[in-house]
Amino acid sequence: MQSLLMPCRRYCTSVAIAYNSQIARYARIGQIESARRVFDEMPDKGIVSWNSMVAGYFQNNRPREARYLFDKMPERNTVSWNGLISGYVKNRMVSEARKAFDTMPERNVVSWTAMVRGYVQEGLVSEAETLFWQMPEKNVVSWTVMLGGLIQVRRIDEARGLFDIMPVKDVVARTNMISGYCQEGRLAEARELFDEMPRRNVISWTTMISGYVQNGQVDVARKLFEVMPEKNEVSWTAMLMGYTQGGRIEEASELFDAMPVKAVVACNAMILGFGQNGEVAKARQVFDQIREKDDGTWSAMIKVYERKGFEVEALNLFALMQREGVQSNFPSLISVLSVCASLASLDHGRQVHAELVKSQFDSDVFVASVLITMYVKCGDLVKARQIFDRFSPKDIVMWNSIITGYAQHGLVEEALQVFHEMCSSGMATDGVTFVGVLSACSYTGKVKEGLEIFESMKSKYLVEPKTEHYACMVDLLGRAGLVNDAMDLIQKMPVEADAIIWGALLGACRTHMNMNLAEVAAKKLLQLEPKNAGPYILLSNIYASKGRWGDVAELRRNMRVKKVSKSPGCSWIEVEKRVHMFTGGVSTKHPELSSIMKMLEKLDGMLREAGYYPDSSFVLHDVDEEEKVRSLGHHSERLAVAFGLLKVPEGMPIRVMKNLRGLLVIAWLLMLSIRSYKIAVLTSWKAIPSQRVLQTILKGKQSYCIRVWAIFGSKDS
């Protein structure tokens, strides 16, 4: 009889093992429902099967179902209770784990260690320490977990005390201690411990190398790296990142080429390293060579494009990322959002906003500030204000973002209202706040209000005026025509005037035809920014306006000698989620250039009929009048607007962004009748028709009403 039962038992055991194996496999790959189906189909469920199913629920972040099944178990052993505690710990439910720990009938060292680990994981190291010293017995894992907890909260000396009394110090404990010393910058003690190790593994070596790298001792790290008995991907990557983070890109490139296996993390580090060094093409080459890219690869390349001014490429790569089904991560979304702000790409910005909402990142205050800035720069102030109003409490970045947004759009009353609300809420102002408020006053000619706010900065708000605030005041006075007062302010400033201040004065002098001060400002700018072509060109035209052709020739000769060249103006417009870029002149390469030129000719004819001619007084003086008009007529922003009139549906806004001083021109085309002309001529400031001329064009014609904002943004706003 006994001989007949033995094969039956072996069969039943093998069947149970097969079922349990299936349950574990389904749970591991996230198919928990399939695991439960296998469990329910089992004819005889042993305690191992119950434990496997409970563990599967915990593994798939379903602690409620795990507990429900645990309570239904016909019998439990210590392994069952330990599984319950460990499951709660993995799901960050340490209070529930402690309740289970306190009620379990019998505990072993695994139970105690799991509970200590749970406290350490949640940063409750004091609670972990109390429980640790209550343990009736400890093993090497218990000691190592407690050691890691003390290192985690940077109680390094207490960690060393615990390490010294450990009955058994294995390689994991020694490596943890080395890591703790490295985090504190105590490399000598870390190295002493490393040298004393009776046995080292690749993790020990890599930890010591990473410690040197993290503390800026890359050359010492390299020496240790060279004598490693064996290296893995982590070792190579740690050494590589030492070079990339230190800006030593040539050495990083050599090491990267020598790597036997190029891990994705290493490739990502090289992409960022090349990007930081300005070698964008090489960064893209590494990106293209990676067969299996992770989300970090995509976000690294997008970040490089965003930081180095390749906004269009960043958007194109983001679109490719989405087409390939790669889940966008937080860094990539933030980078693309910044690109959308730079390009005034509202459609893409809205798309990224939707992704942030879907990923539940939109509740973050930092994200809200970036969103506000994006909508502001895209001209959607209503949406920016909605996001601002939705958050409470608001941090100073959010307040500054909305104030600066209103300021950039010339909405001084709204900017001042938010400023007063900010002060009433108890939020302390800072320097950025006053840049926004003073800029608002400057754009709208509120000289009195601007002076009052500036004078109250230090006395009332305890904010010391800095160079940027004096620049705002010079701009405020200059725009109002008070150029002599602006010059007096510069001379009395307690800080040295920089290029921004002299640039503001130069712009005001040019506008109000104060040639003497303009020459002073231009010469100052040449001293401060000898490679900037702007002052040379302005001063050249100032000399030309006075007939000083010898000085003009000398200035241009200096430009050639110093190899100073003017960056061409560039404008872009987004149509159907594709960015179209234009540079000045008819040489612009665009497939629809002929249609664009016909549209401009049509608009120019209508403007001439209305009596408008562009002001060419600030175009180069040594060309004839016809060439001056042609120069104004082929400005990049005019080409972009004309293209927008051809392609953007009626009733939709045309948004044109410029690379010079972040100029954004928005023409709201509001349909007044079915048959209508589309009219918008928005070029350089001197070529924008006056309000009277626009009204003349619109009068008696079936046309659109035009509203124009000029937004001068900066990366700080």
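Cβ from N, Cα, C; glycine included.
TrEMBL has this to say about the protein:
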- 611-661: domain 'DYW' (DOMAIN)
- 15-45: repeat 'PPR' (REPEAT)
- 46-80: repeat 'PPR' (REPEAT)
- 108-142: repeat 'PPR' (REPEAT)
- 170-204: repeat 'PPR' (REPEAT)
- 232-266: repeat 'PPR' (REPEAT)
- 294-328: repeat 'PPR' (REPEAT)
- 395-429: repeat 'PPR' (REPEAT)
- 430-464: repeat 'PPR' (REPEAT)
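Sequence-distant neighbours of the repeat 'PPR' (170-204) (same chain, 6+ residues past either end, Cβ-Cβ under 8 Å): 140, 143-144, 147-148, 151, 154, 156, 159-160, 163, 210-212, 214-215, 217, 228, 230-232, 234-235. Here the repeat 'PPR' (395-429) has long-range neighbours at 365-366, 368-369, 372-373, 375-377, 379, 381, 384-385, 388, 435-437, 439-441, 443-444, 446, 449, 461, 463, 709-713, 717, meaning same-chain residues at least 6 beyond its ends whose C-beta is under 8 angstroms from one of its own. Residue counts for the repeat 'PPR' (294-328) under DSSP, helix first, then strand, then coil, are 26 helix, 0 strand, 9 coil.
Long-range contacts of the repeat 'PPR' (430-464) within the same chain, counting only residues at least 6 positions beyond its ends with a Cβ under 8 Å from a Cβ of the stretch, are 396, 399-400, 403-404, 406-408, 410-412, 415-416, 419, 422-423, 472-473, 475-477, 479-480, 482, 716-717.
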